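> Right, I'll just put the structure down here and ask away after.
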Amino acid sequence: MNPMEKLRTLQKKLYSLQYALAVMDFDAQTAAPSGSDEGRSEAMALLSDMKYQLLTDSALPELLQQAEAMELNVQQKAEVRELKRLYKETCCIPAEEYSQFTKLTAKAIGVWQKAREEDNFDLFAPYLEEIIAMRRKMAGYFDASKPAYDVWLDQYEPGLNMEQCDEFFAQLRQVISPLVAKIQALGAEPAPAYLDAEWPLEAQRELSLELAQLMQIDLDHCAIAESAHPFTTEFYKGDVRITTHYDQRDVTNNLFSIVHEGGHALYELHTADRLQYTCLASGASMGIHESQSRFYENYLARNLAFVEHLWPTLQRLFPVQLQGVEPESFHRAINRCEPGLIRIEADELTYSLHVMVRYEVEKQLMDGSLNVQELPAAWNKAMKDLLGVDVPSDKLGVLQDIHWAGGDFGYFPSYALGTAYAAQLFAKMKEEVPVESLLRKGDFAPINQWLEERIWKYGKEKLPGELLQDAFGEPFSSVYYTDYLKEKFSHLYRLN
């Protein structure tokens, strides 16, 4: 075998181990009994150790060097680039600590679930303290010259740092905060009475399937499960899993969860076949991935044209709840601006303010200026300052997201960045594709095809900056996002 063929064999082994780890992680969050954490964490630690051994093999640097000396195509060059990155990042973490961290986060996720159910932050706090300490230490192994939080921002969104985030969020806040204030000054707009109803769970489950089919998600290769916090996991192109959360008192919770996670799933289902079983067979970055989910959730599913197409389905599934209701009323209801407690239930305008809360507190947790015991109070203060809401419990506050239990510090900014990337994609798509008329017909094929050609098929082959530049035909600009919000909410609330 030549060096490139040997690297392909290595990638298949890595894929197989990652597949097994992903299945265990998915099971932990969906179907595993609450007392199963210990046994699973042992198994996951062993598999992670095997993965670690593969990525830190002393023969790998020479093999990569030999491969680089060959005449490589674009994909092969990207595979070598990605393997070099994985080798460098894995080698810098001692094996014992790598295994310890895997065990810790596997246990922490189970403890977080229990703490959330019981509204008991103190249960989770010791695990969070240990995770933060390990994340700080690991960041030093990666790059001791950078602040720990910059290291983790760069992991999720290559090239991103706190300076860029501070500037990005300042630009958003400059537009969003005055808009929210103007809308609030008009007086509270209560949710329509029909939304506060019993929405049968079986009908909601049927809606999930119909939404997936409408979006052209291949259900032979994508399964829908239930979890406390909706998420998407890809095992490979032929097996993608999404989860949703059903609330009998809120049909929109599931509706937007399915569309959001469906956007993630479409990305994974449409990576090029040639990338499968390589380290390139996934999204280019967390921000790029989030741009796809937010694109479907906000720019399509909150569009009146989409609501009009979906309306007969909603009326068939929920005839009592929607009796006498017009699609325009439902569209207005799902686009109301109402600052609330839960990020994943936030309206489109205030969503990025929720991300800012998390960004500010996790920055401080990572640099040590905020300790874990102070976290609930700091969270509650940030929620009051940015969203004007009082947090009644930790379950509805600091315990609502799974990310920190998994060690995912630096992940949250990608949600806001992805939403902003999606605004620019939406603007560019509308120049070439009649989006609204397609939504009215329920024809997602041209929309999906446009995204597949520009984003999905490349996986990690292109770096995020190159991928966006090629898709946009220009550099990324948050102005598309802020202009979209100003135009949409000024029109909805007649602010001009």
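Placed from the backbone N, Cα and C atoms, the Cβ positions cover glycine too.
Automatic, uncurated: that is what TrEMBL annotation is.
Grabbed the feature section from TrEMBL, which reads as follows:
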- Glu261: active site, proton donor/acceptor (ACT_SITE)
- His260, His264, Glu290: Zn(2+) binding site (BINDING)
> For Glu290 (Zn(2+) binding site), what residues in its own chain, 6 or more apart in sequence, show a Cβ-Cβ distance under 8 Å?
Ser414, Tyr415, Leu417, Gly418, Thr419, Tyr421, Ala422
> With an 8 Å cut-off on Cβ distance to the His260, His264, Glu290 Cβ center, who else from the chain surrounds the Zn(2+) site?
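Going along the sequence, the neighbours appear as Thr232, Glu261, Gly263, His289, Gln292, Ser293, Arg294, Tyr296, Glu297, Gly418.
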> As a test of the contact definition, list every same-chain residue at least 6 positions from His264 (Zn(2+) binding site) whose Cβ is closer than 8 Å to its Cβ.
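Those within reach of His264 (Zn(2+) binding site), by Cβ under 8 Å and sequence separation of 6 or more, are Thr232, Ile242, His289, Gln292, Ser293.
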> With every protein chain in view, how many other Cβ atoms are within 10 Å of the Cβ of the residue listed as 'active site, proton donor/acceptor'?
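Summing over all protein chains shown, the residue listed as 'active site, proton donor/acceptor' has 27 other Cβ atoms within 10 Å.
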> Using all protein chains in view, find how many other C-beta atoms are within 10 Å of the C-beta of His260 (Zn(2+) binding site).
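His260 (Zn(2+) binding site) is surrounded by 25 other Cβ atoms within 10 Å.
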